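Inspection log for the structure reproduced underneath, given as structure tokens.
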Amino acid sequence: MKKNESYRAMPFSHSFLSEDQLLCSICLDVFDNPVSTPCGHSFCMTCIRRYWDTAKLCQCPLCKQSFKRKPDLHINRTLREITEQFKHMMANPGDSAGIGAGEEDAEEEGRKPEPGHRPGYLLDEMKQRLSRHRAHSSASQACPDERGSGQTLNTDTNGTQMPVIAKQLSLRRYTLSGAADVMKVPLCPKHHRNLELFCLSDLECICVECGQTEHQSHDIACAEKEWHSYKMKISTTETEIQEMTRERMQKVEEIKRSLADVKALSESEVQRSMQMLAALMASLERSQAELLEETEIHRHAAEHQAELMIRELELEVSEMRRRSTALAKLAQTDNFVTGLKGYSDVSTPLSKKDWTGVSLTCDLGTKAVYASVCQLLEQYKQELQKPPAVCLSVSANQSPVKSHPKVKRVQEYAVDVTLDSSTAHPRLLLSEDKKKVWCSEKHQHVPNNRERFDRVVCVLGREGFSGGRHYWEVEVDGKTDWDLGVASHSSNRKGKITVSPSNGYWFLSLRDKNNFAFRTEPSTALPLSMRPQKIGLFVDYEKGQVSFYNVDAKMHIYTFMDNFSETIYPFFSPCTNKTGKNDAPLVITPVQ
């Protein structure tokens, strides 16, 4: 059995001493020539020197406090005497139990104690020295109450008073890795004292020394009491969170129910609109057939009337020509008998019908048909404007189903677009505010710069887009031909241009007033039932999207999908005015 194990195996009646208090934390044996470091911890002189010789830093093995240079170590004589006496008492357990009795017997008999016995005053002195040594070396580990009110003494089983500090230290055992706190009390990593205070300014637990140094000017409270206060706050906060969670879960269920209502309403509206539109189309087809029939009937009637009138007029003209010829012959005869007889034949009065107020009837009988169609459309208009049969409670100020959500959404990205005169073809005329463009018959005297188009009568917008979403509107009312869209920065602007997405042009065209087409390869014809008066253009650069809308009808016309790799600009072409009917300008209008 090792020496320190034998110490622990032996009973020691004086509870104020224990082997833990006299063990070196390096060798875990009773101190041999104990020395104390500047931080107050004690070790065997040989152990601490060997530790410092092998360690990279000169620091305390327990609290890890570093020293700039190795401290000068001196043997703690008081602690050495205590450990020597402890070793002696452990080696002679009988002596420790009979010290007091031997002293009394010696006094009674008037003789000196036996060798190996210690008088009672020596034992008292050991107690006092141990108390002073432990109180001095462990002052940095005193609790706040002990520091404020002095050392609190506890009485052991033999009636001997001992400091609370010594009692607390007896519960701790140290090794090279630090202290293993038997009581599980958290310690300050800097001062190795109990974290019993709470800094209200920095919101952290601190020890007494922290409160007297770096936290001296802060608001400080007892950590345990503060924790009780925080527990009450936690309970209140937890209740609030649970209530908020409940409300949001109810809102989730409400939204789910609203979504189900929207789906049901959508299906109902689709069915309703399909039925209405089918009925409208059937009514329009019937009206169209009626219109064609009435037109055909009135046309045939007009043809028959015209034929009769023409035939009657031709007969009258023929008779007039015959009499005119006969009169010319009579005027040349010299035989009065023949002349008088002939004159009586041609002197019969002609029909003097007045053709001045006679005309062909132009009424084709369509007025009644048109009135019927207008009445029919008005009825369907009123029917379509009726609110949905189901009312949803998604929001007090928001309708669950909005008309034309696509157009409404793109209008939120409206931008102010102006024309760039440096890119305009020489025949184009721009308004002063750069919002209108016409095509003139003559070329203007303008610089032939690199950005200008020299063959195609078009102009670009000043504002370029290299990201984001943008929307603008152009009025095309009164024009028979135009081109609108976007063009890339590097697109060709000189000579003949092949307009297609692969060449950096994405636009919609109108030709001969009714022929709409998208400039692709080949061009894509687009039959439109309604001729747009105003075109809306929407660009989503990141998606590579260029969309066209009929603004007045709130209808989507067409969408290009591509990938943009450079800046793109709005593109405008009013086209030429060869027919004399395309003199109206293209007008950039504010988005409503």
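Cβ coordinates are placed from backbone N, Cα and C, and glycine is handled just like the others.
Feature list (source: TrEMBL):
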COILED    234-330  coiled coil
COMPBIAS  149-158  compositional bias 'Polar residues'
DOMAIN    24-64  domain 'RING-type'
DOMAIN    183-223  domain 'B box-type'
DOMAIN    397-592  domain 'B30.2/SPRY'
REGION    91-120  region 'Disordered'
REGION    133-158  region 'Disordered'
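Taken residue by residue, the domain 'RING-type' (24-64) breaks down under DSSP into 10 helix, 8 strand, 23 coil.
Taken residue by residue, the domain 'B box-type' (183-223) breaks down under DSSP into 6 helix, 11 strand, 24 coil. Confidence across the coiled coil (234-330), taken as the mean pLDDT and rounded to a whole number, stands at 84.
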